[in-house]
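Have a look at the structure below before the remarks.
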Amino acid sequence: MINLRKTHPLLKIINHSFIDLPTPSNISAWWNFGSLLGVCLIIQILTGLFLAMHYTSDTLTAFTSVAHICRDVNHGWLLRNLHANGASMFFMCLFLHVGRGIYYGSYLYKETWNIGVILLLTVMATAFVGYVLPWGQMSFWGATVITNLLSAIPYIGTTLAEWMWGGFAVDKATLTRFFAFHFILPFIITALAIVHLLFLHETGSNNPSGINPDADKIPFHPYYTIKDALGLMLLLLVLLLLALFSPDLLGDPDNFSPANPLNTPPHIKPEWYFLFAYAILRSIPNKLGGVLALLASILILLIIPLLHTANQRSMMFRPISQTLFWILTANLITLTWIGGQPVEQPFIIIGQLASMLYFLLILVLMPLAGLLENYMLKPKW
């Protein structure tokens, strides 16, 4: 009998994507993050669905409904803690996934890369609107500060901000629409992730060496299903450790106070995964300039394929580029730290220097390093 998984219209797609998929034999653990992101998305959709059954998107009851979930709903505390910390795990995997793509030159699969950048932006938007929903102090003021950035757009800015708010400030209408956005966006992310995979399977996976792996491929199952399962166990271990032992470690204490438009918290800051972009935004003493820098800090990923000057795809055998890559990593960690600090010296100047270095590394130093490595590899006789 002909194998059903190879003939059935639906099973055939799954078979070509996850079972009989020819995969390079040398891809390392850095290639696990795609599947981990898929798992994170499923966890977030499921926990979010059950939270939405008990949540009310009204300014008067939103905060108390979240408290009710944690106190009165069966395992509601667990759902909330998994959902909140699941977002942190999602972004951790995202940053490592993007970093892997930059290090090994995966961005040369341009369609896959561009869809990936759109996915990153969509996930960031989802996390932002989701953070507003508990309607704590930091939820409210975070929403106020970030949506206010729209007003920096010349001519149409104020109209745009008020249109976004559904009034003259962040209020009931804003909360209701943010809940609607937060519910629909994960499904858009799922659709985009499928397109991301579709483009990836047009070319096949890249590999650490950066050379064409067609001569040496193995089936995805059982080799990489078992390898992904190990990554999954580690992900769940970290998520459960966070959610069960220290659920509020990555949150902000201000969010335990209900939103109060008359009382501004001393330090308005977003969740840790936005701090690098927030630091870049704050490092420019001009509203519009800051907004443009904020956008550029993410959208710069779209032009990385155009800035590839090296003759080799991967950084595996390029020590100068490797050094710059790790400087970039350290720089992003520095920006994340600065984003969580108050706006005072020496943090202001450190943030400005780190922001300048971020753009300098990506736009100038890394392309130059590629050219230099090409020159060094040329035979000199």
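Every residue gets a Cβ built from N, Cα and C, even glycine.
The transmembrane segment annotation in Swiss-Prot covers 33-53, 77-98, 113-133, 178-198, 226-246, 288-308, 320-340, 347-367, and the record cites similarity to another entry as its basis. Marked as heme b b562 binding site by Swiss-Prot: His83, His182. According to Swiss-Prot, the feature heme b b566 binding site maps to His97, His196. What Swiss-Prot records for His201 is ubiquinone binding site, and it gives similarity to another entry as the kind of evidence.
Feature map: Swiss-Prot annotations on the structure.
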| residue | record | contacts (Cβ under 8 Å, 6+ apart) |
| --- | --- | --- |
| His83 | heme b b562 binding site | Gln44, Thr47, Gly48, Leu51 |
| His97 | heme b b566 binding site | Phe33, Gly34, Leu37, Gly116 |
| His182 | heme b b562 binding site | Gly48, Thr126, Val129, Gly130, Leu133 |
| His196 | heme b b566 binding site | Thr112, Ile115, Gly116, Leu119 |
| His201 | ubiquinone binding site | His16, Ser17, Leu21 |
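The stretches the transmembrane segment (178-198) and the transmembrane segment (33-53) are in mutual contact, each linked to the other by at least three Cβ pairs under 8 Å (pairs 6 or more apart in sequence). Comparing 33-53, 113-133, 320-340, 347-367 for CB pairs under 8 angstroms to the transmembrane segment (77-98), the maximum falls on 33-53.
Between the transmembrane segment (347-367) and the transmembrane segment (226-246) there are fewer than 3 Cβ pairs closer than 8 Å, counting only residues 6 or more apart in sequence, so the two stretches are not in contact.
Residues 55, 57, 62, 66, 87, 90-91, 94, 97-98, 101, 106-107, 139-140, 142-143, 146, 170, 174-175, 178-179, 181-182, 185-186, 188-189, 192-193, 195-196, 199, 270-271, 273-274, 298-299, 301-302, 304-305 of the same chain sit 6 or more residues outside the transmembrane segment (113-133) yet have a Cβ under 8 Å from a Cβ within it. According to DSSP, His201 (ubiquinone binding site) is assigned to a helical segment.
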